[in-house]
Every structure is written in structure tokens, then in C-alpha cells.
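Here is the structure we will look at, set down as C-alpha cells.
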Amino acid sequence: MKQTLKDFSNLLLVVLCDYVLGEAEHLVLGEPGHVALSNSTVTVDFHGANGTLRNVSVLLVEASSNQTLTTKYLLTNQSQGTLEFECFYFKEAGDYWFVMTREATNSSLPVPPRERSAFLKVEWPVFHVDLSRTSMAAEGTFQVGLFTSQPLCPFPGDKPDILLEVTFTNSLPEARAGQALPLEIRASKRVELAQGQWVEFDCPPVGPEAYVTVTVVLKLLGRDSVIMSTGPIDLAQKFGYKLVMEPELTCEAGVEVTVLPPPCIFVQGVIAVFKEAPRLPGERTNRLAENSLALGERRTGFNCTLFDMGRNKYCFDFGVSSQSQFSAKEKECMLIRRSIETWGLWQPWSQCSASCGDGVRERRRVCLTSSPSRPGCPGMSSETSPCSLEDCAAFQPSSPSPLQPQAPVKSNNVVTVTGISLCLFIIVATVLITLWRKLGRAPKCSTPARHNSLHGPGCRKNSDEENICELSEPRGSFSDAGDGPAGSPGDPGIPLTYRRSVPAPPDDEASGSESFQANAQKIIPPLFSYRLAQQQLKEMKKKGLTETTKVYHVSQSPLTDTAIDAAATAAAAAAASPGGSESPEEAAAGKFRIKSPFLEHPPTVGAGDRPPSRLDHPFSAASCAVSPSQTLLRKSQVRSHSRGSHFRRTASFHEARQARPFRERSLSTLTPRPTPAHGPRARTWDQAGERGRPPSRGTALFPEKRDHGPGAAGASGPLSPLPKPHSLGPPPRKPDLGDRQAGFVGAGERPEPPRARRGPSPSHRSVSRKQPSPPAPKDGYQRVSPLSPSQGRKDKCQSFPAHPEFAFYDNTSFGLTEAEQRMLDLPGYFGSNEEDETTSTLSVEKLVI
């Protein structure tokens, strides 16, 4: 209004002056003001005096810079009119002058113009600035909006650019007194001039408080003009905090509350919960719980136990908590329904469904509710889980349990299957080895026995059991006690009488090689046991022992031959030699020889007069690979026995004990029996068995055979028959047992074919029990007693056989006392059953040492 009055006063002044001076030239603005960048034009009215205006122009001049923006010319002889100035001349706000000038045309000299002018005030358009969130997901940006209600001028050329500048601070200007320098971050973007637009800006890291100042700058050529500036704007107040939650929910485990902060602000504060209820004026709310949020944390939760049962309204406040007060920045309320249906505790797991291996176990829980008819507990009331017992004693079933869920194979199942397979393999291998040992063929005795050794090199000794090696020579007969040779060149003496059965016919070769267990080792007590005890005593003294145990086996099957130690044979041969003297070398060689306990010297027999006995040739020493205990154990598995298969005799000795005197047997009724004049079964020397054996003392009896005798290397040719021996000593006397033993020295030197090492077959063995030996030749001896074996054992003393042709023992030639017969009775000695026809039958078999 004041401006209008001023303009009006100026116009009146001009009119008065013109009137006084006689001139009426002036400029009149159509609008006193204008808006820059707007699309409206500026009009100017002009009036001339006397109606004559020639060469008149109107200039638009910017007052601040005194720069003429444009010039407009009036028509000739036009005294009045209106001029329009376009909007694009007014780009900036400020003061503008319209000046009218005139030039004289009737004079050659220019007439100084009388200027007339008008003043125009131009202002900036009004822009509105707004801030908004970019989106709920994009939390690090915000938008700045720039709007104006003024229509903008359509500039024909390049439009002027707008520079939008945003300044971030962490405090207000009035709060900066006494503090450190405030944080100030600037960001700007250049945009085109528009009536309205949104410009996006990124949020710098300011902190829990942020203030924004927005400045709009017009970019002109060479200079910047600030259109507007607003701020600082508190973003927390502008946007505010928001608590994101459901309007109503059923609390099962807890209530989760999320804080949505304003743009470019980090959350830091406290969330409090309280129950919405009517309160008296001035009554404070009772907060149930408070959860603090660290810098940058936006989410927290409250347990359902804070809320009451049923449906209630609870409010959550977010603010800054101090020691004195709590300033809430945001409040949000919601309805919370807490159900009384809830699950109880899980019951213990049930037992595994399988006793071993993989199984399933189960546990249950109960829904605690006020209405059992409609339980509303969410979730499962029972659950199952697999269970596995690794210490399963039985094998796992081939098909898995139907209750077992499908699962990958575990490492413990692989270990279990591997262990079971290994156990099965061991069991099958054990059974096969046992059957092979029981039914297979036993290994042959091929290694010759060493001299002066109780066990062959291939023999195995089980504990302290006596090793007795079998010989595989056909069974033959003994020679008479007085007719047998005392020794042969290189043959050691055998201190124990034994008999051999007649060889089996050729058709029995296969049956005899099928069974090795039937041809087992047996021992003839008691004299033989005494000699073994003597030999054992020597071994104990050599080893420094005072007590040991030997195991002897007795079986009802016929006795078999075994290897005879060369030392024992040499001892018997030395006893039969005249004078009984021996050289130091012979004494050293026969250090462990077993001598006869009957110290009677045998009759001297000439070497040239004595015919060879049927057993008067050497046999190769053999060593067995099967111990006596193993052989008899196999026989005891095949045939039943009234007693145990093992009989144990314990011999305790001491070096200080005195040897008891030998008991002599009465052999008054013994009569010498002739021997066949020739040996029908002469054998060749066994070079492998006799090689390496030192010459024995029996070599001195046959000096003419020294070159051909089987010494260390043995002999390869057969023995020639020797003439029948004649007595060279005193008149014939009744030979005792020692004579008989000396006479059977050469019986152990006969080699056997390998067939008999495996023993006769069961069929052949049964035949040998009934017919132990074939009948003797016509010039031989006839059977003394026709009694059966059982009756013979009951009535007669079972002593050594009188003749190899006799099938059963005949002791009529022995005059033994009743006590001696009881002592020497083998079934009574072993405690066997006399009624058993197969128990401890002493048939025409071989005797063993």
C-alpha cells in the first residue's frame, strides 16, 4: 500500500512538472512488482507531450549492476502506447529501471533528451522444502523435496540450474556454546529448474541426533544467487521414532518390538513396557520392564511371563532414560492375549525298542490347559529319536527295523560288520584246521634221529611228556632170549625187549596208510617205566632239577614200534661183551645210555657162529612230527574208553637219594628156544638214517665186519647170513631177563617201509587183534596156550612174549610168584576193566622206549 501511494505521488509530481513546463512525457508500469523466474511479463505505458514523439526508446536496466538488459523503440508520431517485457529478462530478484529517451530530428545537432524512467522491484519465487524417508528397506538415505506454486518461465534457451545443498550437523546452534566444534557435513546436488521435485541424499554417520539445513541456490553465469535456505531441521522431530509391532497377538514365547528410527539417526535408548489402565491424575505409570538398546541396535523382546492371562492392552515407550527421568520419544500400544494353554516338561526317554543294534526311543509331554476338551498347545506332544547300542552280542538282522528312519550309514555300523566278518572267518578257519588235523594225513618222519638224543629232531615235546617216535616198519617177531645176537657192527644195543609183528600182505598197503591214529605209541610198564625214570633222572641232574612230571599213555590198541635210541642199543651191546669193559671214548659216547637193571652177564656168543636173526639188521632212525599226547588224544576221540586217555606218573628225584636194589625175577622155567637159521626178512642199510652215527661198542664183537659195518656213514649192501652161534662160555644156564634183553639188541635196527608210518587202517587193526601174527613155519614153535586173550590175562602173568609166532602172551615158562604176577599184570597196573575185551590188550605189537 505504501508503495502504491509512493508511485502515485511520483506520478502526480511528473504530471505537475509536465504541466508546469508544458511537457507531458512519462512512463507508467502496469504492475509495480514482479516475480523472478515466473512466466508473467512486465508492461510499461508511455505518454508523450503535444502528440509528437519521434525516435523515442525504452531501456530495461538492472539497478545493481547498471547493465542494460534490453531496449524497445516506440513508433514515430505515437504519443502513447504500451510496451511488454518478457519473463526471461527477469532471472534474478532485484531492482530494475525502465528509462525512456528521445532524439530531435529537425535539427542537425542533437537535442539533449529529457529522460523519463520507472522503477520495478523483482522478487524470488517461494520454494517449499520437504524431507521424507526413501523407503522402509533403504535406511541409509532420505529425500529432499523442492516445490513452488509459481508458474515458471519457459526459457527459450538454456534454463538456469538449481543447486540443492544439504548440511548435516549433530547439534543446534544455540546448544553449541561451551562445547567442542560441532560436526558439520555438507552434501549438494545440481538439478534443473522445476516446479516440484524430490532429490535423494545419502545419510552420513552423524549419531543419535541429526539436524539438516537445506539451501536452494540459483546458478547463473558467473555468480550464484541464493534463492532460499531452511534449517536446521531436527530429523528426530521431523520423522520421529516408530515402534513396529502387531496390533494384536497371542503370546506364546515372547513379544518382539522393533524400533524404526528417523533417517540418518542411529538408535540408542530404552524401551519400557507398562500396562494400560485408568489412573488417577498425577499417577505415574508402573513400568513392567525396560530393555536397553545399544547404539545401532533396533530389536528387543519381552517374555510372556510379564503379561497377565487373558486379553490386555500394553504400551511400549521408547526414549532416553536418565537417573532422574524418562523422556519418551515414541509410544505405541497393542493388545496382547496370553493363553493358559502351555506345554509341560518333557518326560524321560523311553527304553530303546531294540536290545542291540539300531532302535527307536520316544518321549512325551502334556499340554497344560484349563479346557482339556480343546487343547490349544501348538507343537507335537511326542517325539522320537534313533538309538543305537554298540555293545550288541548278537548279529544284526538282515533287514532293518520298520520303525528305524532312513539315515546315512554310520561309522560304528561299518566297524560292527567288519568285526563280525573277522570273527566268522576265524571260526571257519579254526573248524577247517581242526578237521584237517583230525582227518588229514600226518607228516612223515623223515629226519634221522641224532645220536644220544631222547627226541628226534622233528619231534615236538608237549610240556614234560615223553616223546616217542614211531617207526613205519612192518611188525615182526622177537627172537629168543638166548638166540638173538648181542650186537652187530655199528648197531647200538637195545636194553628193552620188544616184538614186531609180521608185515601185512600187499593188499593191505592202502588200508594201512589211511589211518595214522590207530598206530599210536604205547608203553609197557613197569620195567620200561623204570628205565624211562632212570633216563629222566639223568636229564634232571644235567638240568639241575629236583622234581618233574612225565606223562605216559596207555591204549587198548596194539602197540607200535618207535625209534630206538642208539645210545640205549650201544649200552646193551656193551653189557653183552666179555668183561664189560669200555674205552673212555665209548664211555663218553654212552653217557646217557640205559643199562639193564639186572646185572647178570649174558653168555658170550661167537661172532662167526651166530646166524642173523630175523630182526638182525639196522633200521633207519625216524623222528615223528606228532607227539604221543596228540596221537593218543586222536585215538581217544575215535574210540570210547572206560578210563581217561591220559595217565600221569610223577617222579620226584633228588641227588641225595640212594638207589634201591633191583628186584630179580625168577626165570627158572625159562628154556632156550632155537632161532631160524636164516633171516627171511633181511633189509638193506638205511644210508640216510645211519649216516653220521658213531660206531658203537657192539662193533668189537664182529671184527671181520669192521670194513663193512654201518659206522658213521652206514653200509649200503645187504647183510649176509651168519652161521648159527655156539656157546663159548660155561654150560648153558637159565637166562634171566637181562639175558633176554641183551639178546634182543638187534631187534631195533631193521628199517621199515614208509607205508607203516601212518599205521594200519581200522579194518586191518581189528584183524590184527584177532590174528596178531601169521602162523610160524613148520620148524618153528607151536602155541603153548589156546586160551583167549581175556582168559589169558586172568590166569597168566602178562609178561614179555616168548615167541613172535605166539598171538597171545604165554607165561608158563616163567616161574613168578603171585606178588610178582600182580605187579606185572598190566590191566591191574593200569586199573583197567578186566571184562573189557579191548582195554589194554597187549597184542603182538612193537614196544617203545
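Cβ atoms are placed via backbone N, Cα and C, with glycine included.
The disulfide entry in Swiss-Prot for CYS377 points, among CYS367, CYS392, to CYS367.
Candidates considered were CYS333, CYS352, CYS423; Swiss-Prot assigns the disulfide partner of CYS387 as CYS352. For the ranges 102-123, 542-563, 828-849, the feature annotated in Swiss-Prot as region 'Disordered' maps to 828-849. When the Cα atoms are compared, ASN303 (N-linked glycosylation site) and CYS387 (disulfide bond) turn out to be 35 Å apart.
Here ASN55 (N-linked glycosylation site) is positioned 23 angstrom away from ASN66 (N-linked glycosylation site), judged by their C-alpha atoms. Counting only residues at least six positions away in the same chain, the Cβ atoms of GLU341, THR342, TRP343, CYS367, LEU368, THR369 sit under 8 Å from the Cβ of CYS377 (disulfide bond). Look at ASN66 (N-linked glycosylation site): DSSP puts it in coil.
Around the Cβ of CYS387 (disulfide bond), a 10 Å sphere holds 18 further Cβ atoms from the protein chains shown.
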